């Protein structure tokens, strides 16, 4: 299941027959249109993640308008942020069937519709549906393709490209906060949401820029496709696939028969269509509909097959122990980043630091340094002598240490230093797609990253309410940070243990093959 970084960006043929076959990567890899993909992803992060970071402005307006409890009103923002990430695995199905471009365009329309409908909401419960669910699902349909396309277009500079594109979150937090605040003051929150919905239609433009890679292969002696170890790995995968076939888990022969049958239907339709020019226009129209339905059936069947096999079939992602550990880590990680954004203002108020915080808010320090953290960590990870996995782990250790230390800081300067470290270390978010791609390969990146952000969504959805519940019991925020930090540490321990187990198994398999 593990795919090395050298595999990304190449189209492989049957390497079992010729291990020395060489090809040239697509010319758009690491250059050309790849930078337009980075721009598209950058704008997506501004319009989606940046807007979600600025929902505090609208949350205050909703409290005044509907006179509901803070806990109930806060669920509107939590639903939007959580659903954006939770729907990741299901968006992978859309990507398998329609591709990233169509999925993102549809998501842009749905997100804009959610903003516009929310402008006419009569109560908080309506906002749950219009903004929390509708806009949240639309955001997820754009966010996942934006991340996947960057991974597909970059090989050598993947970490840097992901870092540059995800800096849109920090820029968006500043721009959207200022924009929503201005619109609410000038036009009211309802018109502000309507205008924001119109702005969100630019997500369709971002989706249109997500041009799929060409499947053409280019021969070049400078690029070696597989070394001996990779060939052995391919043989092992083919052997496991044959075993699963015998058990009936993955019946490729049946799929091939179904594909041949579908192709025969399409050929027959085309033959009838070409020979029936003299028939009436009504019959020809019916044949065109039949052809379209047949093509759609083939596309849906193939897309669902790829999506299903990724989760439950021969190439199930859950058979990769490191990836499973990655999921467990994601369940605890994201809440540790979200909770400071929500509770820091209240902590500052308790410590009588509001005057200093109003001059330069601590959350702004996190957002600013977060931008530089993503870029710098991306550059460091792309260095030939540096392991992306090690950079990822070091950033996680730094972040969890800051979360555990933060309750001990009671001065503005000390809190500012800790917030700066939180912002910088949380820049590892730009490395998450890179690490995921290294674990499962480019082919399964969409589905795999969909699972990861789904776990992050659960963390974002439940983390802040859990911290508030702890505060209601203890009347302190200290235990919220301590508990979240300890759970975060458990996830990191899983990441440290599983790679050691994963590395032992291929060595044992290779020894058995050598004996045979």
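Backbone N, Cα and C atoms are what each Cβ position is placed from, and that goes for glycine too.
Annotated region 'Disordered' per TrEMBL: 1-21, in sequence order.
Sequence annotations record features per position, and here TrEMBL assigns compositional bias 'Basic and acidic residues' to 1-20.
Sequence-remote contacts of a segment are chain residues at least 6 beyond its ends whose Cβ falls under 8 Å from one of its Cβ atoms, and for the transmembrane segment (33-55) they are 76-77, 80-81, 84, 104, 111, 139, 142-143, 146-147, 149-150, 153-154, 161, 164-177, 179-180, 196, 199-200, 202-203, 206-207, 209-211, 341, 367. As annotated by TrEMBL, transmembrane segment applies to 33-55 (among others).
What TrEMBL lists as domain 'Major facilitator superfamily (MFS) profile' is 37-503.
According to TrEMBL, the feature transmembrane segment maps to 75-96 (among others).
Within its own chain, the transmembrane segment (103-121) is flanked in space by residues 44, 48, 91, 94-95, 127, 130-131, 133-146, 190-191, 193-194, 196-198, 200-208, 210, which lie at least six positions past its ends and keep a Cβ under 8 Å from the stretch. According to TrEMBL, the feature transmembrane segment maps to 103-121 (among others).
Beyond its flanks by at least six residues, the transmembrane segment (127-148) meets 40-41, 44-45, 48-49, 52, 62, 75-76, 78-88, 91-92, 94-95, 100-101, 103-104, 106-115, 117-118, 121, 162, 165, 203, 206-207, 210, 433, 445-446, 449-450, 453 of its own chain at Cβ-Cβ distances under 8 Å. For 127-148 (among others), the entry in TrEMBL reads transmembrane segment.
Per TrEMBL, transmembrane segment is recorded for 160-180 (among others). Remote same-chain partners of the transmembrane segment (160-180), defined as residues 6 or more beyond its termini with a Cβ less than 8 Å from a stretch Cβ, comprise 34, 38, 41-51, 53-54, 56-58, 146-147, 150-151, 153-154, 192, 196, 364, 367-368, 370-371, 374-379, 381-382, 427, 429-431, 433-434.
Marked as transmembrane segment by TrEMBL: 192-210 (among others).
Residues or ranges marked as transmembrane segment by TrEMBL: 322-344 (among others).
The transmembrane segment annotation in TrEMBL covers 359-377 (among others).
Marked as transmembrane segment by TrEMBL: 389-406 (among others). If one looks beyond the transmembrane segment (389-406) by at least 6 residues along the same chain, the residues whose Cβ comes under 8 Å of a Cβ in the stretch are 329, 333, 336-337, 340, 373, 377, 380-381, 415, 418, 421-422, 424-428, 431-432, 435, 438, 481-482, 484-486, 488-489, 492, 495-496, 499.
Per TrEMBL, the feature transmembrane segment maps to 412-435 (among others).
Taking Cβ pairs closer than 8 Å, the transmembrane segment (447-467) reaches residues 71, 74-75, 78-79, 81-92, 96, 143-144, 147-148, 151, 307, 310-311, 317, 323, 326-328, 330-336, 338-339, 342-343, 432-433, 436-437, 439-440, 477, 480, 484 in its own chain, all 6 or more past its ends. Per TrEMBL, the feature transmembrane segment maps to 447-467 (among others).
The transmembrane segment annotation in TrEMBL covers 479-497 (among others). Tertiary proximity for the transmembrane segment (479-497) is limited to same-chain residues at least six positions away from its ends with a CB under 8 Å from its CB atoms, namely 322, 325-326, 328-333, 335-336, 339, 343, 393, 396-397, 399-400, 403-404, 406-407, 463, 466-468, 470-471.
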Surrounding residues of the transmembrane segment (359-377) on its own chain - C-beta under 8 Å, 6+ positions past either end:
53, 159-160, 162-164, 166-167, 169-171, 173-174, 340-341, 344-345, 348, 391, 395, 415-416, 419-420, 422-431
Averaged over the domain 'Major facilitator superfamily (MFS) profile' (37-503), what pLDDT does the prediction give?
77
In the same chain, which residue numbers or ranges, 6 or more beyond the ends of the transmembrane segment (75-96), come under 8 angstroms Cβ to Cβ?
48, 52, 55-56, 58-59, 62, 102-103, 106-107, 124, 127-128, 131-133, 135-137, 139-141, 143-145, 148, 302-304, 306-307, 310-311, 334, 338, 446-447, 449-454, 456-458, 460-462, 464-465
Which residues, given as numbers and ranges, are at least 6 beyond the ends of the transmembrane segment (322-344) yet have a Cβ under 8 Å from it?
1-2, 53, 81, 85, 362-363, 366, 396, 399-400, 403, 406, 415, 419, 422, 426, 435-436, 439-440, 448, 451-453, 455-460, 462-464, 466-467, 471, 477, 480-481, 484-485, 487-488, 490-492, 494-495, 497-499, 502
Please give the sequence-distant neighbours of the transmembrane segment (412-435): residues at least 6 beyond its ends with Cβ less than 8 Å from one of its Cβ atoms.
147-148, 150-151, 158-159, 162-163, 165-167, 169, 326, 337, 340, 344, 347-348, 353, 356-357, 360, 362-363, 365-370, 372-378, 381, 388-389, 391-392, 395-396, 398-399, 402-403, 405-406, 445, 449, 452
